[in-house]
Amino acid sequence: MNWILLSVISAVLLGVYDASKKWSVRDNAVPVVLLISVVIGAALYLPLIVWSHLAPHSVPLRSFAVAPLSWDRHALIMAKSVLVGASWTFAFSALKHLPLSIAAPIRATSPFWTILIAIVFFQERPSPLQWFGMAIVLFGFWQFTLVGRREGIRFASDRAVFLMVAATLLGACSSIYDKWLLQYAGFAPVTMQAWFTVYLVPVMMPLAFRWYRQEREHIPFRWRWSIAVISPLLITADWFYFVALSDPQAMISIVSVLRRCSVVIALVFGARALSEANFRAKAVCVAVILVGVLLLTWHG
């Protein structure tokens, strides 16, 4: 399957994932939501890890077999888990206080930073048409910041905005690290995803423990079924993403831009389910983004 199509499928799943995150953290204890979601993800992968260890040749599809790793290679995946865990903590905390239709576009500026890093460290050279497409997408993201001002969100002083920006920068670094792990370190997508998901559990435990000791009285946890689907949605979206990125022809700068077009689903969910304001202005921004994506896909 074409790596651009795989990236688009990943984007759709990520949009639903963003919606489930927003619904889960509304007036809720963020550390517990994070811990439960990663525990569910680890529970989904542990049987596959055990199966691959005990009877690797019996796994029906070779692409689903989790390969054995040395301790130094486990350490590489642990580093990814710490990086992503920090990014998620910032992002979930920001999402609790920001409208989804604002938070998602901020998060979507990740391609700008990813492109810069990819050009500097991987010598990627997008074609002129791809540069034009990326410029259009990034212009659409910038327009979202102007819409945010109408809702009283001052990007220069809002703490939640700072948290989302920090999450975005860490996410850009994670995208670059993903490419290095898949294309240079030689990790199979399912192996990286399985162990990364498992190692997220200990990464998330300290904040959940801190919540239990200090905050559970004034920030109670509320169970919602949307919490249960966070990890399955992300695992599926990431699987398509990792497979796309493992293609030698894949360009991280393009894959990252396509993935961030999940903002379309976030916009619709925010307007319809959460009654967030300025739908038309945000829809224009999304239309600009889609034009850029069309140019990227057409070239691919």
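Just so it is clear, glycine is given a Cβ too, placed from its N, Cα and C backbone atoms.
The domain 'EamA' annotation in TrEMBL covers 2-142.
Residues 64-68, 88-89, 92-93, 96, 190, 193-195, 197-198, 200-201, 203-205, 207-208, 210-211, 215-216, 219-222, 224, 227-228, 230-232, 234-235 of the same chain, all 6+ positions outside the transmembrane segment (28-54), place their C-beta atoms under 8 angstroms from a C-beta of that stretch. The transmembrane segment feature in TrEMBL is assigned to 28-54 (among others).
Annotation source TrEMBL lists transmembrane segment at 75-95 (among others).
If you look up TrEMBL, you'll see 129-148 (among others) marked as transmembrane segment.
Among the features that TrEMBL reports, transmembrane segment is placed at 160-177 (among others).
Marked as transmembrane segment by TrEMBL: 192-212 (among others).
Among the features that TrEMBL reports, transmembrane segment is placed at 224-244 (among others). Sequence-distant contacts of the transmembrane segment (224-244) (same chain, six or more residues past either end, CB-CB distance under 8 Å): 1, 3-4, 6-7, 9-11, 13-14, 16-17, 20-21, 23-24, 28, 33, 36-38, 40-41, 44-45, 63, 178, 182, 189-190, 192-193, 197, 250, 255, 259.
Only residues 6 or more beyond the boundaries of the transmembrane segment (250-269), in the same chain, are considered here, and those with a CB under 8 A from a CB of the stretch are 3-4, 7-8, 10-19, 22, 100-101, 103-105, 107-111, 114-115, 118-119, 122, 124, 126, 130, 133-134, 137, 141, 172, 175-176, 178-179, 241, 244, 279, 282-283, 286, 289-290, 292-293, 296-297, 300. Annotation comment: TrEMBL describes 250-269 (among others) as transmembrane segment.
Among the features that TrEMBL reports, transmembrane segment is placed at 281-299 (among others).
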*asked:* With contact taken as 3 or more Cβ pairs under 8 angstroms (pairs 6 or more apart in sequence), are the transmembrane segment (192-212) and the transmembrane segment (75-95) in contact?
replied: yes
_Do any residues, 6 or more residues outside the transmembrane segment (75-95), come within under 8 Å Cβ-to-Cβ of it, and if so which ones?_
21-22, 25, 30-31, 33-34, 69, 103, 106-107, 160-161, 163-164, 166-167, 170-171, 173-174, 177-178, 181, 185, 187, 192, 195-196, 199-200, 203-204, 207
